[in-house]
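Annotated ATP binding site per Swiss-Prot: 10, 11, 12, 13, 14, 15, 114, in sequence order. Summarising the annotation, Swiss-Prot assigns Mg(2+) binding site to 14. Swiss-Prot lists 28, 52, 74, 132 with the feature substrate binding site, giving sequence analysis as the kind of evidence.
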């Protein structure tokens, strides 16, 4: 049985995942290792559709192998097939955070500049964020409001589920 950490980029999925299990499965890291380049470079060379296919195959493999903690990218919910896979999982934990907090986190994370952030204005980015919110909420079996909580507090809440 997998615990899947859902949420928009910058919500803290990777940070919390590492606290829950040092051997957790960060899907973006797995994909980068598989494709041999950064996700930004892959997006630029191959496009989002090619990335989403690899993302789906990675999710299917992790679920089939019953990975304990999985942290997918925030766009995992874009693909209807991924949503179907996620809806069958008993522990989908949505790390919910408001847009302004999230945007500041992403803006300040100079080491991890993401294509969705780089290629959109703040207003366009907010529309994408708002479009995904109801999908995260529908798929989630548990919702944790993470603003104002430390990663350690969030991890402890998840351990108690």
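Heads up, residue numbers simply count up from 1 along the chain you see.
In case you wondered, yes, glycine gets a Cβ from its N, Cα and C as well.
Model, not experiment: these values are computed from the prediction.
Features as recorded by Swiss-Prot, highlighted on the structure.
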| residue | record | DSSP class |
| --- | --- | --- |
| 10 | ATP binding site | coil |
| 15 | ATP binding site | helix |
| 28 | substrate binding site | helix |
| 52 | substrate binding site | helix |
| 74 | substrate binding site | helix |
| 132 | substrate binding site | helix |
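All chains included, 23 other C-beta atoms sit within 10 angstroms of the C-beta of residue 12 (ATP binding site). Between the farthest pair of Cα atoms in the substrate binding residues (28, 52, 74, 132), the distance is 18 Å.
Closest to residue 12 (ATP binding site) by Cα-Cα distance, out of the binding-site residues 28, 52, 74, 132, is 74.
Spatial neighbours are here defined as Cα atoms within 10 angstroms of one another, and by that definition the neighbours of residue 13 (ATP binding site) among the binding-site residues 28, 52, 74, 132 are 74.
Proximity of residue 15 (ATP binding site) to non-local residues of its own chain (separation of 6 or more, Cβ distance below 8 Å) is seen for 151, given in sequence order. Across the structure, residue 11 (ATP binding site) and residue 52 (substrate binding site) place their CA atoms 20 angstrom apart. Recorded residues residue 52 (substrate binding site) and residue 14 (ATP binding site) have their alpha carbons 19 Å apart, per Cα-Cα distance.
When Cβ neighbours within 10 Å are tallied across all protein chains shown, the highest count among the binding-site residues 13, 52, 132 belongs to 13. Within the same chain, the residues at least 6 positions away from residue 10 (ATP binding site) whose Cβ sits under 8 Å from its Cβ are 74, 97, 102, 103, 105, 106, 109, listed in sequence order.
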